[in-house]
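Peer 1: Below are the features I grabbed from TrEMBL:
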BINDING   His176, His197, His206  Cu cation A binding site
BINDING   His325, His329, His359  Cu cation B binding site
COMPBIAS  8-25  compositional bias 'Polar residues'
DISULFID  Cys99-Cys116  disulfide bond
DISULFID  Cys115-Cys177  disulfide bond
DOMAIN    197-214  domain 'Tyrosinase copper-binding'
DOMAIN    352-363  domain 'Tyrosinase copper-binding'
REGION    1-25  region 'Disordered'
Amino acid sequence: MASLHLPSLTTPKTANSMHSLSPSSHTIFPKPSHFLLHAKRSNRLQVSCADDQNHKEPSQNVDRRNMLLGLGGIYGASNLVSIPGASANPIKPPELDKCGVATNLNTGQQLDINCCPPISQNIIDYRLPPVHRMKTRPSAHKVSPEYIFKYNMAIDRMKRLPKDDPRSFMQQANIHCAYCNGAYDQPGQGTLDLQVHNSWLFFPFHRWYLYFYERILGKLIGDPTFALPFWNWDNPKGMTIPPMFVDPKSALYDEKRNPASMPPAVVDLGLTGSTDSLQVVTNNLTVMYSEMIRANSDVFDFMGKPYREGTAVNPGPGSSERGSHTAVHVWVGDPRQPSGEDLGNFYSAGRDPLFYCHHGNVDRMWSLWQYFLPSNKIPDKRITDPDFLNASFLFYDENAQLVRVSVKDCVDNLRMGYDYDRIDLPWLDYRPPPQTAGARVTRTGTSAAKADTVFPLTLDKIVRVLVPKTKKGKADELLVIENITVDTTKFLKFDVFVNDEDDNVVELDKAAYAGTYAQVPHKTANKSATTSIRLKLTDLYDDMDVADDDTVLVTLVPRHQGPGVTIGGIKIIENPKPATQPSG
Ligand code: C2O
């Protein structure tokens, strides 16, 4: 990879400009002494009981580790090292001096832009500052004129910072480009890309990204209490682009957006293209209910699959990432641009101020999952795997200091000093209406092929296949869609229906809707990635007449044009409950 160097932060010019921004502030960083973020595994923390060491049952294993680490207080834990039984290592932060040129997503050519941040040798392990006053991130549709004024001023100042200041608007946008478009390799892993999407790093990376973005904005207007707004697209009252972003005179405006998505257009979280606003709102609430509750059988189904040192990109996106998150990117991105810029492509997404407002709501979903969704409706709330907790990233903080942060310090937004304004969750009980007798016609009357005869296939039109169940009727089962091989540079989406009785593909608010796969275009080393998803069918069966069926009809409905995704296979498996977390 070509390596591009920008002036170091230690040059007097940059140091002066930093200083002039904050004449009176003086941040004291704690010593990084006992943060051992990348310690290799060893056997220093052995479990003394021989029986325990041979115990292979993963959930027990996790409990045991929690005890060792004092996981009850893991946020304060400082020595997360030497986990017995773990077989891999967490993702390490990128080496900034090896940052390469990002690549054009459609052509595979190198981009003209350089996404690489300024280089600094002075990296500090970040310590969360004590929380004196909780910030409340407001709903973007409900903010006051004073708030909008301040927010505008902050973004405007960010845009006026010197280009090489890591806090400047473009440098901030480029953070996303660099972490998402193959500019970094995993340290020590050859040319294996470092990628923060389509895995369990999705929520933590973006949480830290917004955290520093917010602190930089606060610093630029001398208001450390400044809190980013969130776009409340999961509530009918927030399903249009928030007004403050569409005023062309505002610093929050971006001209590279789809004109058809300007207010009063209703955001289409299902990307069905329906032109009936009421149908779109109904679909949206169904999508939210599905991705937050109905389709998840364990915490990884929601958060994304494990991604450790040496893992290839795209191990598997969580339900929220591939659902509402992707849809909003693609819905706002400008189809007149070559690659859906700005929001519709990862390399350019951070150039639209709306990105950070969108991701405020994405981050809120993680917070809701942990603190507000009823435990009886969702599986585990937290990932306890040390390779998750010890994964780390680099960011420049509000003082332009390069800091290393780790996932374990961001798993609790309250500890990071911010919370979200409380807004109703109209999707929380948005279970689709039951579907009865008619659905069975599809089973007997269909000419669909059997699943074991049609795969692999390129999904460029609607496909219907018969898939055998593990048991007759209302069993506790998961639908697994395997070896989904995608062209990462394209927008791709398909919806999955089970025993759908009609072909009205713009309606998602029905029992037959099982879930979604979708991706925002981005670059990976070889333009292709293979992944899989699981969709829980247990609740779906409850809402359908599958009394003594031993086969279901699965319909895959692509929402993109043309080829780009190949499906390797579909099967139904028993839900492997109780949900267990990998033991590393
Ligand atoms: Cu890093 Cu919404 O993308």
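Note that Cβ sites are derived from N, Cα and C of the backbone, with glycine treated the same way.
Give me the local environment of each listed feature.
Peer 2: Following the DSSP three-state reduction, the secondary structure of His206 (Cu cation A binding site) is helix. Within 10 Å of the C-beta of His206 (Cu cation A binding site) we count 25 further C-beta atoms, all protein chains included.
DSSP classifies His325 (Cu cation B binding site) as helix under the three-state reduction. Just so you know, the Cβ of His325 (Cu cation B binding site) picks up 27 other Cβ atoms within 10 Å once every protein chain is counted.
Within 10 Å of the Cβ of Cys116 (disulfide bond) there are 25 other Cβ atoms, across all protein chains.
According to DSSP, Cys177 (disulfide bond) is assigned to a helical segment.
Mean pLDDT of the predicted structure over the domain 'Tyrosinase copper-binding' (197-214): 98.
If one looks beyond the domain 'Tyrosinase copper-binding' (352-363) by at least 6 residues along the same chain, the residues whose Cβ comes under 8 Å of a Cβ in the stretch are 137, 140, 155, 176, 203, 206-207, 209-210, 213, 228-234, 241-242, 245, 251-254, 256-257, 320-321, 324-325, 328-329, 332, 342-343, 413, 420.
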Peer 1: For the domain 'Tyrosinase copper-binding' (197-214), find every same-chain residue at least 6 residues outside the stretch whose CB is under 8 Å from a CB in it, and list them.
Peer 2: 91, 135, 172, 175-176, 179-180, 226-228, 300, 303-307, 311, 313-318, 321-322, 346, 356, 359-360, 362-363, 366, 383, 388, 391, 393, 395-398, 405, 407, 410-411, 413, 416, 418, 519-520, 522, 529, 531
Peer 1: Roughly how many Å separate the Cα of His325 (Cu cation B binding site) from that of His197 (Cu cation A binding site), to the nearest whole number?
Peer 2: 11
Peer 1: Show me the subset of Cys115, Cys116, His329, His359 whose Cα is within 10 Å of His206 (Cu cation A binding site); these are the recorded positions I mean.
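Peer 2: Those near His206 (Cu cation A binding site) - Cα within 10 Å - are His359, in sequence order.
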Peer 1: Pop the Cα-Cα gap between Cys115 (disulfide bond) and Cys99 (disulfide bond) into the table, whole Å please.
Peer 2: 8
Peer 1: Tell me which of the recorded positions Cys116, His197, His329, His359 ends up closest to Cys177 (disulfide bond) in space, Cα to Cα.
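Peer 2: Closest recorded candidate to Cys177 (disulfide bond) by Cα: Cys116.
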